[in-house]
(Lines of atoms letter the chains of each structure in order from A and count residues from 1; the text may use other names and numbers.)
(Lines give C-alpha, C1' and ligand atoms only; values in the text may rest on other atoms or scores of the structure.)
Protein backbone atom coordinates (compact mmCIF):
# COMPACT_ATOMS: atom_id res chain seq x y z
CA UNK A 1 0.00 0.00 0.00
CA UNK A 2 2.83 2.37 0.91
CA UNK A 3 4.60 1.66 -2.39
CA UNK A 4 1.50 2.52 -4.42
CA UNK A 5 1.18 5.80 -2.49
CA UNK A 6 4.78 6.73 -3.40
CA UNK A 7 4.09 5.94 -7.05
CA UNK A 8 0.90 8.01 -6.93
CA UNK A 9 2.78 10.99 -5.44
CA UNK A 10 5.49 10.71 -8.10
CA UNK A 11 2.92 10.57 -10.90
CA UNK A 12 1.03 13.54 -9.45
CA UNK A 13 4.28 15.52 -9.19
CA UNK A 14 5.18 14.67 -12.77
CA UNK A 15 1.75 15.77 -14.01
CA UNK A 16 2.03 19.01 -12.05
CA UNK A 17 5.44 19.79 -13.56
CA UNK A 18 4.21 18.88 -17.02
CA UNK A 19 1.22 21.20 -16.64
CA UNK A 20 3.43 23.99 -15.29
CA UNK A 21 5.85 23.60 -18.22
CA UNK A 22 2.98 23.66 -20.72
CA UNK A 23 1.74 26.90 -19.15
CA UNK A 24 5.17 28.51 -19.50
CA UNK A 25 5.47 27.39 -23.13
CA UNK A 26 1.99 28.75 -23.86
CA UNK A 27 3.10 32.05 -22.32
CA UNK A 28 5.60 32.29 -25.23
CA UNK A 29 8.63 32.64 -22.95
CA UNK A 30 7.78 36.17 -21.88
CA UNK A 31 10.94 37.77 -20.40
CA UNK A 32 8.91 39.06 -17.44
CA UNK A 33 7.83 35.51 -16.61
CA UNK A 34 9.34 34.38 -13.32
CA UNK A 35 10.44 31.03 -14.74
CA UNK A 36 12.76 32.69 -17.29
CA UNK A 37 14.22 34.88 -14.57
CA UNK A 38 15.09 31.97 -12.29
CA UNK A 39 16.01 29.33 -14.87
CA UNK A 40 18.10 30.95 -17.63
CA UNK A 41 19.64 28.70 -20.26
CA UNK A 42 23.35 29.04 -19.51
CA UNK A 43 24.50 26.88 -22.43
CA UNK A 44 22.90 28.94 -25.21
CA UNK A 45 24.45 32.11 -26.62
CA UNK A 46 21.01 33.44 -27.55
CA UNK A 47 17.58 33.01 -26.08
CA UNK A 48 14.15 33.35 -27.55
CA UNK A 49 11.65 35.98 -26.47
CA UNK A 50 8.13 36.65 -27.67
CA UNK A 51 6.42 39.97 -27.27
CA UNK A 52 2.75 40.82 -27.14
CA UNK A 53 3.23 44.13 -28.97
CA UNK A 54 1.47 44.82 -32.28
CA UNK A 55 3.29 43.43 -35.30
CA UNK A 56 5.12 46.34 -36.94
CA UNK A 57 8.50 47.04 -38.51
CA UNK A 58 10.38 50.26 -39.28
CA UNK A 59 13.19 48.72 -41.32
CA UNK A 60 12.16 45.96 -43.71
CA UNK A 61 14.47 45.25 -46.67
CA UNK A 62 13.08 42.96 -49.39
CA UNK A 63 14.62 41.16 -52.34
CA UNK A 64 13.42 41.99 -55.86
CA UNK A 65 12.42 38.39 -56.46
CA UNK A 66 8.81 37.32 -57.06
CA UNK A 67 7.53 36.75 -54.45
CA UNK A 68 9.76 39.11 -52.49
CA UNK A 69 11.66 37.85 -49.47
CA UNK A 70 11.43 40.40 -46.66
CA UNK A 71 12.92 40.44 -43.19
CA UNK A 72 12.32 42.94 -40.41
CA UNK A 73 15.73 44.27 -39.36
CA UNK A 74 14.52 46.27 -36.34
CA UNK A 75 16.48 45.65 -33.14
CA UNK A 76 14.82 46.08 -29.77
CA UNK A 77 14.30 44.50 -26.34
CA UNK A 78 11.63 42.17 -27.79
CA UNK A 79 10.33 41.15 -31.20
CA UNK A 80 6.88 41.89 -32.60
CA UNK A 81 4.04 39.52 -31.74
CA UNK A 82 3.90 37.84 -35.17
CA UNK A 83 7.58 36.84 -35.08
CA UNK A 84 8.08 33.07 -35.02
CA UNK A 85 11.87 33.12 -34.53
CA UNK A 86 12.99 35.94 -32.26
CA UNK A 87 16.70 35.80 -31.44
CA UNK A 88 18.08 37.88 -28.59
CA UNK A 89 21.52 38.47 -27.12
CA UNK A 90 22.10 37.68 -23.47
CA UNK A 91 23.08 41.28 -22.76
CA UNK A 92 21.15 43.54 -20.41
CA UNK A 93 18.97 44.90 -21.93
CA UNK A 94 18.69 42.21 -24.60
CA UNK A 95 18.99 43.13 -28.26
CA UNK A 96 16.47 41.11 -30.25
CA UNK A 97 15.74 40.73 -33.94
CA UNK A 98 13.21 38.66 -35.84
CA UNK A 99 14.80 36.22 -38.28
CA UNK A 100 11.54 35.28 -40.05
CA UNK A 101 11.45 35.73 -43.82
CA UNK A 102 8.06 36.76 -45.21
CA UNK A 103 6.77 37.94 -48.58
CA UNK A 104 5.55 41.27 -47.14
CA UNK A 105 6.48 43.98 -44.66
CA UNK A 106 4.49 44.90 -41.57
CA UNK A 107 3.23 48.45 -41.17
CA UNK A 108 5.75 50.92 -39.65
CA UNK A 109 5.68 51.27 -35.88
CA UNK A 110 4.44 54.44 -34.20
CA UNK A 111 7.08 56.42 -32.34
CA UNK A 112 5.52 55.35 -29.00
CA UNK A 113 5.76 51.67 -29.98
CA UNK A 114 9.32 51.91 -31.30
CA UNK A 115 10.81 51.72 -27.81
CA UNK A 116 8.73 48.64 -26.92
CA UNK A 117 9.55 47.05 -30.27
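Cβ atoms here come from the backbone N, Cα and C positions, even for glycine.
Taken from TrEMBL, the feature disulfide bond applies to 56-109 (among others). Residue 109 (disulfide bond) carries neither a helix nor a strand DSSP state and counts as coil.
Sequence-distant contacts of residue 72 (disulfide bond), defined by Cβ-Cβ distance under 8 angstroms and a gap of at least six in the same chain, are 57, 59, 60, 80, 83, 97, 98, 100, 105, 106. Marked as disulfide bond by TrEMBL: 57-72 (among others).
Other Cβ atoms within 10 Å of the Cβ of residue 105 (disulfide bond) number 17 in total over all chains. Residues annotated as disulfide bond in TrEMBL: 60-105 (among others).
For residue 70 (disulfide bond), applying a Cβ distance below 8 Å and a minimum sequence separation of six or more within one chain yields 60, 61, 62, 63, 101, 102, 103, 104, 105. If you look up TrEMBL, you'll see 62-70 (among others) marked as disulfide bond.
Annotation source TrEMBL lists disulfide bond at 79-86 (among others). Secondary structure at residue 79 (disulfide bond), taken from DSSP and collapsed to helix, strand or coil, is coil. A sphere of 10 angstroms centred on the C-beta of residue 79 (disulfide bond) encloses 28 other C-beta atoms.
Per TrEMBL, the feature disulfide bond maps to 83-98 (among others).
Taken from TrEMBL, the feature disulfide bond applies to 88-96 (among others).
Mean predicted confidence for the domain 'Bowman-Birk serine protease inhibitors family' (72-86): the pLDDT average there is 87. TrEMBL lists 72-86 with the feature domain 'Bowman-Birk serine protease inhibitors family'.
Feature annotation from TrEMBL assigns signal peptide to 1-27.
Residue 62 (disulfide bond): 15 other CB atoms within 10 A of its CB, across all protein chains. The disulfide-bonded residues examined here are 57, 60, 88, 109; by Cβ neighbour count within 10 Å, the least packed of them is 60.
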